[in-house]
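Lifted from Swiss-Prot, the feature list:
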type	residues	note
ACT_SITE	Asp274	active site
ACT_SITE	Glu277	active site
ACT_SITE	Asp307	active site
BINDING	Asp274, Glu277, Asp307, Glu333	Mg(2+) 1 binding site
BINDING	Glu277, Asp307, Glu333, Arg334	Mg(2+) 2 binding site
COMPBIAS	110-131	compositional bias 'Polar residues'
DOMAIN	270-372	domain 'ERCC4'
MOD_RES	Ser95	phosphoserine
REGION	85-131	region 'Disordered'
REGION	131-230	region 'Winged helix domain (WHD)'
REGION	231-255	region 'Disordered'
REGION	471-545	region 'Helix-hairpin-helix (2HhH)'
Amino acid sequence: MAEPVRLGRKRPLPVCPNPLFVRWLTEWRDEAASRGRHTRFVFQKALRSLQRYPLPLRNGKEAKILQHFGDRLCRMLDERLKEHLASGGDHAPSSPSGKKRASKGPPAQVQGSSMPVPTQPQAGSTNAGYWPAQNSGAREILLQLYREHLNSDGHSFLTKEELLQKCAQKTPRVVPESSRPWPALRGLLHRNLVLRTHRPARYALTPEGLELAQKLAEAEGLSTLNTAFQPEEHHEESPVPEAILSEPGTTEVGVQQRPLELRPSEYRVLLCVDIGETRGAGHRPEMLRELQRLRVPHTVRKLHVGDFVWVAQETRPRDPERPGELVLDHIVERKRLDDLCSSIIDGRFREQKFRLKRCGLGHRIYLVEEHGSVQNLSLPESTLLQAVTNTQVIDGFFVKRTMDIKESAGYLALLTKGLERLYQGHTLHSRPWGTPGDAESEAKPSTNPLCSLLTFSDFNAEAVKNKAQSVREVFARQLMQVRGLSGEKAAALVDRYSTPASLLAAYDACATTKEQEMLLSTVKCGRLQRNLGPALSRTLYQLYCSHSPLT
């Protein structure tokens, strides 16, 4: 006789063996996300790795065996564990079987230490163990919605404008100054703690969010909110930026940041080195060793354009973790001869120069570094010399040639000292992107452009290579793929025909094929206002009007 089929699970799903560590990593990730820091990705990777690990961990040091757990993160877990125990946390260890040990039992000891292991609460749902960090954006949103829920005269919901205005009044620093949609609100929506309805959007607490908000209110001594509710005063001097009021997931737009002023004794000049200069095979890390040997104050960052820039960094910032920084008006692109050859061949050479011209900095330096024998390169020396000469004469860059990496580092050290002397005694001011003083702006330059500078966040954000582009920008990039069509010529073409559709319409309006071929030949290009010429005009006609394969 066949055995009856058993339905359902044979055993319950295993509980999380390290819920305390999961909760703390989640808090750190959400706090980093609410402040727009890239460390949220580090915490997210570590959290995924920990959630896949089936065994309990007694301390942070044991977590080092897991992927994405470094020395610093392990130390953070150990320090948080000590704080938890010092504040009277439960000392009973978690059990792999999920059964709780009797409360009278002796506390377990951490391996190699006399410190007992705290009980880590079991996670029963997706939000189990989630506790927004103190002064974080997520915490303030939940508390503001809880206040509105308890207000008998309210609607139990807030619009986004009302919500963020209240958050800005209560804790101004939790409202980000970046141009991205507020990640704290997006995270709460993802966790199903906040519900969004209607258009324009209304935000209210879900049952899970209400339960968590009540616990947060009790922890902050706000249990009497329902009897002592007072509306927030309106402060006109601290409006919420419009970009923050956009819906989560909308396109990124510029934000008018708070003006930054650095007096002569309030900043230092710091060299920023692109992270690409510290990676890869060969002698790339040697640049950092040379800068350290020469005692050049520097930092390594991801630069979206250029290899070296200088910033005036605030020495006594309000937020030590995010000091104010203004980018000085100098940028360096470093090229070894072998890299110069490859960039000319694959087209990066022209594109990089085009992006450097649009970066907003006025003094552009092209640092060409010798490397090996010229005879071993893929292009003849005359071609390289012509490219470097064009960069200086036509593009207006300052070209500096060095023999090796040591001479390049020495040149950067001299530039750093020179900039320190140049800006000594000057008061520096921030300016928004595209305002007078910007190298890309057509407006009249400001009276003191030397001290009217971009913030580092604006500079790096505008230089992002793969950001969303308009049709005009994509059209210009497409035109630059044609041999002999430089950035200046592409700019002249898109000034007359801003989209491919407008160019095709102009071709359709021509009476004869000859007229179509010569349509673009008289377009004025560059500073000398020379004609584009019949050859390029004919090439572009063939590209956009030929129905057969190009030959």
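Glycine residues also receive a Cβ, built from the backbone N, Cα and C atoms like all the rest.
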Listed in sequence order, residues not in Asp274, Glu277, Asp307, Glu333 with Cβ within 8 Å of the centre of the Mg(2+) 1 site Cβ atoms: Val273, Gly276, Leu303, Gly306, Phe308, Val332, Arg334
CB within-chain contacts under 8 A for Glu333 (Mg(2+) 1 binding site), separation at least 6: Gly306, Asp307, Gln352, Leu356, Arg364, Ile365, Tyr366, Leu367
Distance, Glu277 (active site) to Arg334 (Mg(2+) 2 binding site) (CA atoms, angstrom): 9
DSSP helix/strand/coil residue counts for the domain 'ERCC4' (270-372): 32 helix, 35 strand, 36 coil
Other same-chain residues whose Cβ falls within 8 Å of the Cβ centroid of Glu277, Asp307, Glu333, Arg334, the recorded Mg(2+) 2 site, in sequence order: Asp274, Gly276, Gly306, Phe308, Val332, Lys335, Leu367
